[in-house]
Amino acid sequence: MPVMKGLLAPQNTFLDTITKRFDGTHSNFLLGNAQGCRGYPIVYCSDGFCELTGYGRTEVMQKTCTCHFLCGGETSERVIQQVEKTLEGQREYQAEVRFYRKNGNPFWCLLDIVPIKNEKGEVVLYLFSYKDISDSYARSHHSRLSEDNRQRRKAGGSHFSRAREHGRTLVYRLTNQFTSRSKGKLTNNVFPKPSLPEYKVAAVQKSRFILLHYSLCKALWDWLILLATFYVAVTVPYNVCFSTLDDSSHGNDECDSASRSTIVSDIAVEMLFIIDIVLNFRTTYVSESGQVVYDTRSICLHYSATWFILDLIAALPFDLLYAFNITVTSLVHLLKTVRLLRLLRLLQKLDRYSQYSSVVLTLLMSMFALLAHWLACVWYVIGRKELESNDPLTWDIGWLQELGKRLETPYVNSTLGGPSVQSAYIASLYFTLSSLTSVGFGNVCANTDAEKIFSICTMLIGALMHAVVFGNVTAIIQRMYSRRSLYHTRMKDLKDFIRVHRLPQHLKQRMLEYFQTTWSVNNGINANELLHDFPDELRADIAMHLNKNILQLPLFSSASRGCLRSLSLHIKTSFCAPGEFLIRHGDALHAQHFVCSGSLEVLKDGTVLAILGKGDLIGADLPAGDRVIKVNADVKALTYCDLQYISIRALREVLELYPEYGNRFTADIHQNLTYNLREVRQSPNTCVCYTHSYLNKCTPRTHTHKNIHSFMLLNNFHPGVSLVCTSSEHQNH
């Protein structure tokens, strides 16, 4: 799954579409609100219109789209009236009109008015297009004056001649007018009806044959191509180094048979690469601006300019030569090494999957093993070249000759004897891995100068790989355990604090339990700190989702959405362990609390006044002014409790911003509080048993708190019950 999917939110691209449709020389347009109640106000003004008229954008945006500010002494009143009727009738209109710039200079323009509809078919905007036709209008006017002068000079001719000339002039004028009108309608009408854009949130327009780059299918296909690339990276160097060099010693037939053994898998990989090229021409991508591109032409151009050439070279079907029984030379094996260029794609994978530690760890270790495989192939080539050189100084001390002697299969000459290819490859891989990891044992060692130079290069590469691969591995492992490390760090700080200040055992136990429990709830994540850099609008939406339980109380049902958003930003979370006091008798009440889970009891002088459970609201009604609210009882946790609270000060600030709801809140909070910590309760001879779904009032009778639990069982109360006993007979408990 790619790290960046792109910007996928539906967008209203109307303005971008309008701007792109204009050709740059004719970008003089306004957008007016068709649903405005104050004379169709201008909602957008193009830069071209400002340049044409001389008015600034701020000046234009304060006016109406009827553009009375452009009218002057020679502006046609009939056209202005027709424009107003067009706006009222929501129709299209086109006319030539004389307007005046800000400096008073007149100009002729072709005015186009086009209504813009939304997805419901309602006209929401008007598009006013202004094309400067002063030059063409002046030429047309000059030609008409020349024709009139010519007619006056011929006025002394015969009556027949005058009639004929008059007819020609009339035809010329009609033709000229019709041609200009036709051209105006054909060329100047910027948006013909079929392509008229709508003012709406545009749905994603993509072909059903376009593959999304972030889809699960594309991710699985990428992993399949990655496996095929690793297969090529292993087999191609092996075939080039071992098969081609064994050609001289074992004959062409044996070489071909070894190559033909993998012909099926090689052709299958080539087909996969060819299919991948086809799919890449139909796969979306993320543009530089972050937009997801679905256009087929743009996708093709982007792929052709990036990875197409590399993928095409890697997909050349060299292995089809085997299928047609064509003799394959060593040159073909060398040409197949160009497929290794596809490994550059692996860098793209590392960047894409960098957030997944296990994936990056696997890819890095695979690259390390792949490098060892390549070096093993080169090490074998060096050993073969030392044998083929027939140098008496190096013939008997090369690593291949030493290996053959140990295996009792020494080389007789450069073409006969020696260990098998499998044994030679395993020994080569053993040597390169031991050299890269700097733990060589010397049983396979470099003896000749060429072998020693290669060993030095291998150890240098190994040092670099240690820095790159194993450095990244260390960072990945640390990142995997970063949260656990943070927990142990904070726990150690807490224990050091307890030890330095010599806190008693009961306080130590309470601190440790509170820390461990809160960590298990939020995993050490401070939501306020995490969301601090987000915009207020987004933070409010997140806060409304996190605090939806408390905001769904009947107390907040009449609040506006803006009020709820303001309240949600002030709601905090809290936690209370068993035996902890949430509020003490006589303290100032600082917040209204909502019980999300767990249970608490309200105590006064050792008497249980209420048992609070999930969904209960505990606090006090707000007095007038800023008077301090004194708590009349203790609130103690019976179990581990998750609570949400809003401070009294923040609540008053929000209610001051929304006075209509503030009055309603003050009147309703008394009825929504499960227990009011401010009011002085009377002692009626009743027992009120409150649950989440209903409210029962027991008949006046005498029973003590010692049989409360049996009373609850007899009435089938569930564990989340809240019991409020205010009977005077219970005061002794």
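Placement of Cβ uses the backbone N, Cα and C atoms for every residue, glycine included.
As annotated by TrEMBL, domain 'PAS' applies to 14-90.
The feature domain 'PAC' is assigned by TrEMBL to 93-145.
Looking just at the domain 'Cyclic nucleotide-binding' (555-672), the mean pLDDT is 87. The feature domain 'Cyclic nucleotide-binding' is assigned by TrEMBL to 555-672.
Annotated region 'Disordered' per TrEMBL: 142-161, in sequence order.
Positions annotated as transmembrane segment by TrEMBL: 307-335 (among others).
What TrEMBL records for 356-382 (among others) is transmembrane segment.
The feature transmembrane segment is assigned by TrEMBL to 453-477 (among others).
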DSSP helix/strand/coil residue counts for the domain 'PAC' (93-145): 12 helix, 30 strand, 11 coil
The domain 'Cyclic nucleotide-binding' (555-672) - residue tally per DSSP class, helix then strand then coil: 36 helix, 43 strand, 39 coil
